Amino acid sequence: MERVEEDDPKQNNVKTRPKGGLVTMPFIFSNEICEKLAVVGFNTNMISYLTTQLHMPLTKAANTLTNFGGTASLTPLLGAFISDSYAGRFWTITVASIIYQIGMTCLTLSAILPQLRPSPCKGEQVCQQATAGQLAILYGSLLLGALGSGGIRPCVVAFGADQFDESNPKEATKTWKYFNWYYFVMGVSILVAVTVLVYIQDNIGWGWGLGVPTIAMFLSIITFIIGYPLYRHMDPAGSPFTRLLQVSVSAFKKRKLAMVSDPNLLYRNDELDASISVGGKLVHTPDMTFLDKAAIVTEEDIVKPGQAPNLWRLNTIHRVEELKAVIRMGPIWAAGILLITAYAQQNTFSLQQAKTMNRHLTKSFEIPAGSMTVFTMVSMLSTIALYDRVLVRIARRYTGLDRGISFLHRMGIGFMISVLATLVAGFTEVKRKEAALAHGLQDKAHAIIPISVFWLVPQYSLHGIAEAFMSIGHLEFFYDQAPESMRSTATALFWTAISVGNYMSTLLVSLVHKFSARADGSNWLPDNNLNEGKLEYFYWLITALQVVNLIYYICCAKLYTYKPIQIHGKDSESEGDAGVELASKV
């Protein structure tokens, strides 16, 4: 992992407050809140800005946002690599936030200054599209935003968790609480973005609509930097990808060697691993023994005392176990993709359902179809609060775990609720179509069917509850089970799973649309009239896929081996049972 910067007690006799802890949370959360306000506030209504202010054609505007979203989903891997390898989490977050700030400022200025956008449309004349220069400002701003979010997303959550010392039992139990409240704060900021910011953009103006999160981001950077003296700072320990590659290469080179009879004969070097094993050494596990060959010492590997070995031929067992830990995480990571695929339908087909239903609360007030996600956010936030304050205490009596249930169990519950969400969505669509048929509106694509939009609340709410269990469990899993030297990189995998899940949704919709088409023009997912389609079949197809995914996940969770750590100072001379703890300690 990285080395903790601490004051030398021999040089300072004055007792100082330990770094890190809950006191750092406001500084860290402020950065996350503003990043989410900006990202969600921009993305939720950005299609409107591009079409109404820059006069982009709808398809071009949609592709622009899709390309930006795809780029923003990949940059966390780059940000995590820089953080774990070179810059450390604090400086990665700081520099990335400044880059994001520049992008937001440019975009806000383009909304304020008339010369940076096309002239408003007059009457029936053809609207003037944005010039190449005006588009360059837009694309540059979006690119800076993608790069900035790539440095913030994977590092903020890991940096916050770093503030709790895992070797201290009193602080270790606070780590799982941190993940709950991190996600809660993120959810609140998203809720504010899809309500308050969207209202400002639509009713007050884009200058204020983009300016408010820009100002908030600037204040968050100042606040985050002010907290510098309070943080526990971790130094980067070199490229984790290089270490994983070195183990793979050395294991391949020694693939023909016979395995040693005793694992204790495998190579160990505490001095070499000191910077990447601050929290404790990973001990040997009996699976994937073909990788253990990277730690077999041959005559060619023997070096003089104090001299480092050639890591492309010989690696310590700790480094071998790092690679094993990453490989073990793969199947669990993959299981989370399909839940995001199911969740993504809220912004597509669930939204289209809402547009055809009666959304009036009163005669004069109508709920915007896009605001139905509020029910998802509210149910997610309520579940997180209930879980943290009530459910954990109840579960603790039966499991003995401070966190109530393990993150693997938490993820499993989320998967089961997600299955129920898409199952309910299918029956709700049947109900909606029956109402359309009963009122003779089946052939009228844009007619409002006299059925309340609140029939959709159960599916939206169930998705929110599922996310509160699964997504937070997923995040905990990545941080807890990743080798400590590559936790930012592992957290980036959380965002990568979200990206892949959205791409899977696009692929699934395309395949269903293609293969469900009939010669008479009917289709499960018609382009024009949802009433003539079979959307319920699509929802139930996702339900069936999720059931298969749930069975797959249960098998993976049953077979999963928690990474065992030998805590420093606990019988460090032996790798027996004493001093060895599973990574999930609370």
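Every residue gets a Cβ built from N, Cα and C, even glycine.
For reference, TrEMBL has these:
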TRANSMEM  90-116  transmembrane segment
TRANSMEM  136-160  transmembrane segment
TRANSMEM  181-200  transmembrane segment
TRANSMEM  206-231  transmembrane segment
TRANSMEM  325-345  transmembrane segment
TRANSMEM  365-387  transmembrane segment
TRANSMEM  407-427  transmembrane segment
TRANSMEM  447-472  transmembrane segment
TRANSMEM  493-517  transmembrane segment
TRANSMEM  537-560  transmembrane segment
*Of the stretches 136-160, 206-231, 365-387, 407-427, which racks up the most C-beta pairs under 8 Å with the transmembrane segment (493-517)?*
136-160
*So, does the transmembrane segment (325-345) come close enough to the transmembrane segment (407-427) to give 3+ Cβ pairs below 8 Å, pairs being at least 6 apart in sequence?*
yes
*asked:* At a Cβ cut-off of 8 Å, and with pairs 6 or more apart in sequence only, do we get at least 3 pairs between the transmembrane segment (447-472) and the transmembrane segment (365-387), yes or no?
replied: yes
*Most CB pairs under 8 Å with the transmembrane segment (206-231): which of 90-116, 136-160, 181-200, 325-345, 365-387?*
90-116
_So if I exclude everything within five residues of the ends of the transmembrane segment (136-160), which remaining residues of that chain have a CB under 8 angstroms from its CBs? That is, six or more out._
24-25, 28-29, 31-32, 35, 38-39, 42, 50, 54, 64, 68, 71-72, 74-80, 82-83, 89-90, 92-93, 95-104, 106-107, 110, 116, 130, 178-179, 182, 231, 475, 479, 487-492, 494-495
_In contact by Cβ distance (the transmembrane segment (365-387), the transmembrane segment (181-200); 3 or more pairs under 8 Å)_ = yes
_Long-range Cβ neighbours of the transmembrane segment (325-345) (under 8 Å; 6 or more residues past either end)_ = 244, 282, 288, 408, 411, 414-415, 418, 421-422, 425, 463, 466-467, 470-471, 474, 477-478, 481-483, 486, 490, 493, 497-498, 500-502, 504-505, 508, 539, 542, 545-546, 549, 552-553, 556-557, 560-561, 563
